[in-house]
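A.B. asks: Here's a structure for you.
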Amino acid sequence: MKTIIVLSYFFCLALSQDYSESNNSTATLCLGHHAVPNGTIVKTITDDQIEVTNATELVQSSSTGKICNNPHRILDGRDCTLIDALLGDPHCDVFQDETWDLYVERSSAFSNCYPYDVPDYDSLRSLVASSGTLEFITEGFTWTGVTQNGGSNACKRGPASGFFSRLNWLTKSGSTYPVLNVTMPNNDNFDKLYVWGVHHPSTNQEQTNLYVQASGRVTVSTRRSQQTIIPNIGSRPWVRGQSGRISIYWTIVKPGDVLVINSNGNLIAPRGYFKMRTGKSSIMRSDAPIDTCISECITPNGSIPNDMPFQNVNKITYGACPKYVKQGTLKLATGMRNVPEKQTRGLFGAIAGFIENGWEGMIDGWYGFRHQNSEGTGQAADLKSTQAAIDQINGKLNRVIEKTNEKFHQIEKEFSEVEGRIQDLEKYVEDTKIDLWSDNAELLVALENQHTIDLTDSEMNKLFEKTRRQLRENAEVMGNGCFKIYHKCDNACIESIRNGTYDHDIYRDEALNNRFQIKGVELKSGYKDWILWISFAISCFLLCVVLLGFIMWACQRGNIRCNICI
């Protein structure tokens, strides 16, 4: 009995040895791509959620919290609005003749002079802000028969009563206020901004005390425009001890044109003009501190980097800024489709190619080879296909930034309550633009992601086809991204396949011979190793059963006698 069992064991071992020797005459070569345990989800045209090995965030969602003073010239308005600095409010004298790229208005800014209003406040503010300068040139206006340099206790300049430094308050001289008619030509080659005003007394008595006439009139004209203002006498809410008001107006005089001022009372006259410039200067309301740093893009929240194509920090920007979108995140695929590697590969340690899964741990390339031959297993990257994919993906982010970054500023849109309908329309237009840009951004990123994934898949297929053309009938496609090579292929042979120097003819006869020796039907299942072992065990078991049956039959015939002793 023991002899039979030992013989069965050696017979099965021989079968196993034959199987191993058969494997030594073949090799397996698989092609695969890089994979990571946890990829990044991106959106493409065809799939809202597809996992890739690597992706770059495209939306800047936070600011530095401070405004950088380089490369843009930042002028901190502190407690002065731009209009107060323009008019020459006593507490804003420090801003005379200042220049800026961006004037930062603070929420703590206040007026500290005679109360005024500007009927076209936003236009004047925007005009001066874009000019980028408060450069003022005094001119020699002749005001005959009136008292100049009027002041008010509401506008202290030091201990004495004062007034806006860029304006001249004209009142009666004695008991008369003659009709004033003054002209001032523009003989220069640039536009001149004249700021003037009309005083609205709180009572009729104040009107006659200051200007004699019961009702004044101010007319300012050029060849292109004319404005006539009649004072509106009446009491208003008290501000800094005054219930009267001054309305501020402005006139632009082109080169070769003439400014004409005509008035019989209530005129707040200009002292000169502001030199207008064209440029990209602007104004922004912000309470962010100004710091010494470098940033091309500024928002009211603070400076932000402009190395991303989109941002959702603030709609108001200045400089070369990412485009504002509603989305909090948009990810650009900068890697290939991610298929995490399966950890269990069977009893024989089988390898699989890109059709089944990706390969983790490929640190030197995106695409590569794994092999299994008589010398063991190995892995190497294919640098050529890796570089081809990287070259096409590199620069993708920069191209998106170039398409979307604004090289100009988005100014604030403000309107008075009277212009509420215009404000609503402007808000609707701005919201629509943001919606369109947000949708366009999402579509652009989805298109780029689709292109990246298709590109990386294509490079994998190119490498597979290149390998198949080299091997020809010397190997068989296994269907999982691998080739079964029907000849002995050591590491040098594998290397020749990888670098493209493999000579098909050298191994042709051996491969054809091995094809005939190997069984025609080959198991293709992923559980081939298990099935082979199970079949092997069953065969050995059946052999033992047959031998035992033969022994029992022989015993019954008397050919073999079995004695059992107790």
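From the backbone N, Cα and C atoms, a Cβ is placed for every residue, glycine too.
From Swiss-Prot, here are the annotated features:
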| type | residues | note |
| --- | --- | --- |
| DISULFID | Cys68-Cys293 | disulfide bond |
| DISULFID | Cys80-Cys92 | disulfide bond |
| DISULFID | Cys113-Cys155 | disulfide bond |
| DISULFID | Cys297-Cys321 | disulfide bond |
| DISULFID | Cys489-Cys493 | disulfide bond |
| CARBOHYD | Asn23 | N-linked glycosylation site |
| CARBOHYD | Asn24 | N-linked glycosylation site |
| CARBOHYD | Asn38 | N-linked glycosylation site |
| CARBOHYD | Asn54 | N-linked glycosylation site |
| CARBOHYD | Asn181 | N-linked glycosylation site |
| CARBOHYD | Asn301 | N-linked glycosylation site |
| CARBOHYD | Asn499 | N-linked glycosylation site |
| LIPID | Cys555 | S-palmitoyl cysteine |
| LIPID | Cys562 | S-palmitoyl cysteine |
| LIPID | Cys565 | S-palmitoyl cysteine |
| SIGNAL | 1-16 | signal peptide |
| TOPO_DOM | 17-530 | topological domain 'Extracellular' |
| TOPO_DOM | 552-566 | topological domain 'Cytoplasmic' |
| TRANSMEM | 531-551 | transmembrane segment |
A.B. asks: Which recorded positions are spatial neighbours of Cys297 (disulfide bond) here, meaning Cα within 10 Å, out of Asn38, Cys68, Cys80, Cys92, Asn181, Cys493?
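C.D. replies: Final answer, ordered: Cys68.
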A.B. asks: CB neighbours of Asn499 (N-linked glycosylation site) within 10 A?
C.D. replies: 11
A.B. asks: Are there any residues at least 6 positions away along the chain from Cys92 (disulfide bond) with a Cβ closer than 8 Å to its Cβ? List them or say none.
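C.D. replies: Counting only residues 6 or more apart in sequence, the Cβ neighbours of Cys92 (disulfide bond) under 8 Å are Cys80, Asp84, Ala85.
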A.B. asks: With Cys321 (disulfide bond) as the reference Cα, tell me which of the recorded positions Asn54, Cys113, Asn301, Cys489, Cys493 is the closest one.
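C.D. replies: Result for Cys321 (disulfide bond): the nearest of the recorded positions is Asn301.
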A.B. asks: Cα of Asn38 (N-linked glycosylation site) to Cα of Asn301 (N-linked glycosylation site): how many Å, rounded?
C.D. replies: 34
A.B. asks: Tell me which of the glycosylation sites Asn38, Asn181 sits in the most Cβ-dense spot, judged by other Cβ atoms within 10 Å.
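C.D. replies: In terms of Cβ crowding, the pick is Asn181.
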A.B. asks: So for Cys493 (disulfide bond), how many other CB atoms are inside 10 Å of its CB?
C.D. replies: 20
A.B. asks: Taking all residues of the topological domain 'Extracellular' (17-530) together, what is their mean pLDDT?
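C.D. replies: The average pLDDT of the model in the topological domain 'Extracellular' (17-530) works out to 86.
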A.B. asks: Far apart in sequence but close in space: which same-chain residues, 6 or more away, have a Cβ under 8 Å from Cys293 (disulfide bond)?
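C.D. replies: Listed in sequence order: Thr64, Lys66, Cys68, Asn69, Asn70, Ser303.
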A.B. asks: Do me a favour and check the Cα-Cα span between Cys489 (disulfide bond) and Asn499 (N-linked glycosylation site); whole Å is fine.
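C.D. replies: Each residue's Cα considered, Cys489 (disulfide bond) and Asn499 (N-linked glycosylation site) end up 15 Å apart.
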A.B. asks: Where the distance is taken from Cα to Cα, which of the recorded positions Asn181, Asn301, Cys493, Asn499, Cys555 turns out closest to Cys113 (disulfide bond)?
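C.D. replies: Nearest by Cα distance to Cys113 (disulfide bond): Asn181.
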A.B. asks: Measuring Cα to Cα, how far is Cys555 (S-palmitoyl cysteine) from Asn181 (N-linked glycosylation site) in Å?
C.D. replies: 147
A.B. asks: Are there any residues at least 6 positions away along the chain from Cys155 (disulfide bond) with a Cβ closer than 8 Å to its Cβ? List them or say none.
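C.D. replies: Result: Asp89, Pro90, Asn112, Cys113, Tyr114, Ser161, Gly162, Phe163, Phe164, Arg240.
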A.B. asks: Could you state the CA-to-CA distance between Asn54 (N-linked glycosylation site) and Cys493 (disulfide bond) to the nearest Å?
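C.D. replies: Their Cα atoms are separated by 34 Å.
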